[in-house]
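Copied over from TrEMBL, here are the features:
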type    : residues                                                               : note
DOMAIN  : A:65-175                                                               : domain '3-dehydroquinate synthase N-terminal'
BINDING : A:G102, A:V103, A:V104, A:G105, A:D106, A:T126, A:T127, A:K138, A:K147 : NAD(+) binding site
DOMAIN  : A:177-317                                                              : domain '3-dehydroquinate synthase C-terminal'
BINDING : A:E180, A:H241, A:H258                                                 : Zn(2+) binding site
Number of protein chains: 2
Amino acid sequence: MERILVKASKHSYPIFIGENIRFRLNKLIEKKYSSILIVSDEKVAELYVNDIVTNFPDEKVFQSIIPVGEQSKRLEYYYQLQTDAIQFGLDRESLIIALGGGVVGDLAGFAAATYMRGIDYIQMPTTILAHDSSVGGKVAINHELGKNLIGSFYPPAAVVYDTQSLETLSEKDIRSGYAELVKEALIADEVFFNKLLNVNLINVKNNQLEEHLSAGIKIKSSVVEIDEQESGVRKNLNLGHTLGHALEAELGYGEITHGEAVAIGLLFSLHVSESTFSSKLPYDSTFQWLKKNNYPLNILQLNEDSIIKKMKTDKKTLNNTIQMVLLKEIGKPIVQEINDYDMKIYLKSFTKKLEIASLVE
Amino acid sequence: MERILVKASKHSYPIFIGENIRFRLNKLIEKKYSSILIVSDEKVAELYVNDIVTNFPDEKVFQSIIPVGEQSKRLEYYYQLQTDAIQFGLDRESLIIALGGGVVGDLAGFAAATYMRGIDYIQMPTTILAHDSSVGGKVAINHELGKNLIGSFYPPAAVVYDTQSLETLSEKDIRSGYAELVKEALIADEVFFNKLLNVNLINVKNNQLEEHLSAGIKIKSSVVEIDEQESGVRKNLNLGHTLGHALEAELGYGEITHGEAVAIGLLFSLHVSESTFSSKLPYDSTFQWLKKNNYPLNILQLNEDSIIKKMKTDKKTLNNTIQMVLLKEIGKPIVQEINDYDMKIYLKSFTKKLEIASLVE
């Protein structure tokens, strides 16, 4: 088991990564809580919720189970969790455990952040993708007009990452998760990036996965330690997300996974970076790797104006101008303002490039 | 104009108290914001919103006006403010101004705390009561099962208190506000308390009011500076609120003002404190003052079991046991656990005492 300590403004918290550590949860948690509410989705609950409950034979343990999918990350379920918490009698010394992917983590985390003005919560990610959202204290729900627009910075009490729970992931989920790992590698570590481009996602080994997760989490946590509230370097973690978030909104949340959208966004960032800095970046090798690993890259019918409008609802937008993370080189990210005119040209040349590539096939 | 600086964990913020300072708002705010959203209620907006707007001739200024009353401090209006903020194009460099009483301050403050994970907001209280809620960074909305159950600790960027806006207050509003001033005096300052007991609320002068507000705010801010997150001494500010909150819930929010409910709660605290510590506290003089100033004290038909149940949904409740603030003497508050059996006896003897007093009349 690996243990990484993250220094947050309010308190430091540990991230535990290891196989089957969900059975040792009670040993990893130091504090005694008055009661515990496990929040999970229907699929994850069926697989693991009992394993969590058995950790606490002498405590009051309750469950709130939400439907699977991004659609649950909205106001109705947020309020439902608050109602559950009140009716189960949770007080300020209670704990919420977020057992699941990013949707569960963000929703349950935001509920914990705002229940009685904030109680402890523990992230137990069960997807690769959630390695990203579970670290750094960002919690949120979606507004019908945009993703993650309602939320807080509220660090967890701990992150407990049982890699065994990743064995049941689908190919799609593995792809989605690796997109964020590629992002972390691109902003911070060329060696890690090159290692990832050699991975074949269909037969990634458990020890490899653990190594990659640990490397990604270390990059993420070192960034959020410096800039928890996203006033500076944390913005770099948005690499690939300007187009990524807009694509998710344009296609409808759930139509494309977050990671798949980010993957296309990363490729777009490389495309814009190459044009802006006239530098040679790994656009081609990234494209080939994404293709080989069956990432969906067919977004040819984009309406650029609609995409640009959606990009602007992003929280990084300032004065109605899109802020996009670019790369001067691998490990050298920079935030650039891009005006609508240039953005439209970039989007057109990008889809053209993808179209040509698909014809060559 | 008086200026009090409050040291909060995230940042320090100034409280300005003075007559007609709403016309100098732009001079009091140091930061330049990309846009401004004024949140107010229908009544206050009609009186003062234009005065605020004229401070910012060169900025983008928007308004969200909510209905008057506690009923607005709920999820629907919270979501409406989020929608407005998105549609007006507020970004992370925008400001929310909460212009109104405690309802507006709590609702707009919670919206600011969670819009794009938190933007700046300024409290502009227009009631005496709101001197309490506008200082200390507590923001919240009500859940249908309990008051202020959803919220955050999120300090404002500033508090701008224009005492001129208090001149239009009704007798009821003045009563309500003075209850929290009496509370602050009881937990911290006997001289201030005795001064308040000499005030006749019907003809309180503006300079007196300014002095009382300033004294109350200094007590409040010195407490929240020591204990922002309410893990210790901040709990003392809950004096009178255990029964106060339960009464509001029992009678229906809006049926009795918050301050009027707190006034009865303060009297109850004195009653329980006298029994618990066998000490002589100013129960009688407080009762006389409340009566003279027309506070409603006729709560004879209380259902004790229902009140106790409501007391337990309070955020201070731990392990299903009521935590109540008592006074060993004036300026010496202490948090005590009170079991249901004792609480029922205290409630019965309290209503009996009030009943006898009303017969003597």
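Even glycines carry a Cβ here, placed using N, Cα and C.
Separation of the C-alpha atoms of A:V104 (NAD(+) binding site) and A:E180 (Zn(2+) binding site): 18 Å, rounded to the nearest whole number. When the Cα atoms are compared, A:T127 (NAD(+) binding site) and A:H241 (Zn(2+) binding site) turn out to be 19 Å apart. DSSP assigns A:K147 (NAD(+) binding site) to a strand.
The closest partner of A:D106 (NAD(+) binding site) among the binding-site residues, by CA position, is A:H258; the full candidate set was A:E180, A:H241, A:H258. You'll find the Cα of A:K147 (NAD(+) binding site) roughly 11 Å from the Cα of A:H258 (Zn(2+) binding site).
A:T127 (NAD(+) binding site) has a Cβ environment of 26 other Cβ atoms inside 10 Å. A straight line from the CA of A:H258 (Zn(2+) binding site) to the CA of A:G102 (NAD(+) binding site) spans 10 Å. For the binding-site residues listed here (A:K147, A:H241, A:H258), the lowest count of other CB atoms within 10 A around the CB belongs to A:K147. Confidence across the domain '3-dehydroquinate synthase N-terminal' (A:65-175), taken as the mean pLDDT and rounded to a whole number, stands at 95. Remark: A:E180 (Zn(2+) binding site) has A:I128, A:L129, A:H131, A:D132, A:G216, A:G259, A:V262 as non-local neighbours, by Cβ distance under 8 Å and separation of at least 6 in sequence.
The C-beta environment of A:G102 (NAD(+) binding site), restricted to residues of the same chain at least 6 apart in sequence and closer than 8 Å, consists of A:P125, A:T127, A:L129, A:A130, A:D132, A:S133, A:S134, A:H258. A:V104 (NAD(+) binding site) is surrounded by 32 other CB atoms, counting those within 10 A of its CB over all protein chains shown. In this view, A:D106 (NAD(+) binding site) is surrounded by 28 other Cβ atoms within 10 Å of its Cβ, with every protein chain counted. Residues A:G102, A:V103, A:V104, A:G105, A:D106, A:T126, A:T127, A:K138, A:K147 are the ones the record ties to NAD(+), and the longest Cα gap between any two of them is 21 Å.
Within 8 A of the CB centroid of the Zn(2+) site residues A:E180, A:H241, A:H258, the other residues of that chain are A:L129, A:D132, A:A179, A:K183, A:G240, A:G244, A:G259, A:A261, A:V262, A:G265.
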